[in-house]
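Trainee: The compositional bias 'Polar residues' feature in TrEMBL is assigned to B:329-343. What TrEMBL records for B:365-374 is compositional bias 'Basic and acidic residues'. Among the features that TrEMBL reports, domain 'Palmitoyltransferase DHHC' is placed at B:156-280. Per TrEMBL, region 'Disordered' is recorded for B:327-400. Taken from TrEMBL, the feature transmembrane segment applies to B:56-74, B:86-103, B:202-226, B:246-270.
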Amino acid sequence: MAETHSLQDMRQQATISSKVFIQRDYTRGTMCQFQTKLPAELEARIDKQQFEETVRTLNNLYAEAEKLGSQSFIEGCLACLTAYTVFLCMETHYEKVLKKIAKFIEEQNDKIYAPRGLLLTDPIKRGLRVIEVTIYEDPSLTR
Amino acid sequence: MNWRHWSVLVEAPHPLSSSIMSAVMITRKVRKWEKLPGKNTFCCDGRVMMARQKGVFYLTLFLIVGTCSLFFAFECPYLAVHLSPAIPVFAVVLFLFVMAMLLRTSFSDPGVLPRALPDEATFIEMEIEAANGNVPPGQRAPPRIRNVQINNQIVKLKYCYTCKIFRPPRASHCSICDNCVDRFDHHCPWVGNCVGKRNYRYFYLFTLSLSLLTVYIFTFDIVHVAMRSVVSGFLNTLKDTPGTVIELLVCFFTLWSVVGLTGFHTYLISLNQTTNEDIKGSWSGKNRVQNPYSHKNIIKNCCEVLCGPTYPSVLDRRGLMQDDLSALPSINNDSAPQTTKTTAPLIPNEHAPDEAKASAGSAAEKSHSPKEELPPTAKLPPLASPETDAETSIAKDKPH
């Protein structure tokens, strides 16, 4: 593991203590939802309400992406009529929401998790299977 | 310094030379698809993803394009003049739609789930061991299963030993492609790819439009033969347009198989089931476990499968490899990056800061050691398919 040489960029040079993986919640079917329960390893680092709020917002965003509403229906019909060539120039609704999610996670990391020595990884980088939470050592030394 | 010591010095990779070598090698960006496990073939720099065996897919292409060409060559001129010019126009539109759907099904990611990275795999293993408790020696460990409740049904999630994950509900591991696929339907050799969550609707539209095209060509073949026979006689007609006979044969056999398949998948869609579940009898038969994913409404089920959101690929085939430093096996650990930077003046240093690429590049290139001496502009062997990649990744372990 890399030694902590400077504290300017925590993500590259701080020591990783461990990782926790928030699993998917399948009680409502195959929709992309994550479990809101705070894992034991994070209890010392972050407030339960805060964490649940983050995961709940993420779940709402994913639900919005996968919603079977009129917008997805119209998008599907239009795409089918153009033999799906329309997606060469247009972004799908899901991709737009994924960008929103990426921004949200970055914002949460900057505001809430980095000061506590934690880092959330965007679930899309793990195949939408888990939310990877990296726990860094020495939270008091970070900015 | 004795002889043995000297030979060790010669054989062991010198840190400076290996970092120079790695600095020389990183003139080429490595994309993530080149390092993906599984038995897929990638084309167009990761944009196209297919299974390895493509022979039957080429046959499908040949049959469709061949039969349609014969139709356009033999039937269409006659029918356009004697019946209506709309007939060949509609045939062209239908043909283009069929081809678009086929290529979309064959070339897209069916919904492959990426394998667990080492940290995640270890975490899951620890959870499993904690759940199972101490297994007395001599006894087999209990099977790795997780129970989840979906819509008041208990669904068992199985652990995939290859991908090291608990498979999400409806996912299954395809042994031909060696990947876990989400909402796995089946592996179709005719399209040369798995059919899963992301390409099921294209597959269904392909079979549906192909059925229509087959019926269309078959019908107008018969109309054409009938119309011409009135004028020139039946045998003369067949002699004038020999393509018609071939088309009729192909269409006749295609009709039974493709129309049957379309009907079968329409039935599955209305029940929101996959072929895999149907074959295994997951929701029928013993225990009377009902399908927890069905909306119990045919229209809703159809809407979900055909008009649902377009799921993105979670594989990130075209991303550059430098992003995931933790995922790569660190061969040149921390000492190499610093030496790479200091020896940068030997080469154009726009790619120098990337130590991850260096370790991946040097690892892959160790099997091609004679090329070290070449100038930086030397052409590197293209890692075109995972086959060559597997060989180089095995080879990289051997020099050590």
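In case you wondered, yes, glycine gets a Cβ from its N, Cα and C as well.
Remember, TrEMBL labels are computer predictions, not curated facts.
Structural setting of the listed features?
Mentor: Away from its own ends, the transmembrane segment (B:56-74) comes close to residues 50, 88, 91-92, 95, 98-99, 102, 106, 189-193, 210, 213, 217, 220-221, 224, 241-244, 246-247, 250-251, 254 of its chain (Cβ-Cβ under 8 Å, at least six residues beyond either end).
When Cβ-Cβ distances below 8 Å are used as the criterion, the transmembrane segment (B:246-270) is approached by residues 63, 66-67, 70-71, 74-75, 203-204, 207-208, 210-211, 214-215, 217-218, 221-222, 278, 298, 301-302, 305-306 of the same chain, each at least six residues removed from its ends.
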Trainee: Note the mean pLDDT of the domain 'Palmitoyltransferase DHHC' (B:156-280), expressed as a whole number.
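Mentor: Per the prediction, mean pLDDT sits at 92 for the domain 'Palmitoyltransferase DHHC' (B:156-280).
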Trainee: Using Cβ atoms and a strict cutoff of less than 8 Å, what residues sit near the transmembrane segment (B:202-226) while being 6 or more residues removed from its termini?
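Mentor: Contacts of the transmembrane segment (B:202-226) (Cβ under 8 Å, skipping residues fewer than 6 from its ends): 64, 67-68, 71, 74-75, 78-79, 83, 87, 90-91, 94-95, 97-98, 101-102, 104-105, 108, 185, 188, 191, 195, 234, 237-238, 241, 244, 247-248, 251-252, 254-255, 258-259, 261-262, 265-266, 269, 305-306.
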Trainee: With DSSP helix as H/G/I and strand as E/B, how many residues of the domain 'Palmitoyltransferase DHHC' (B:156-280) fall in helix, strand and coil?
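Mentor: Secondary-structure breakdown of the domain 'Palmitoyltransferase DHHC' (B:156-280): 76 helix, 19 strand, 30 coil.
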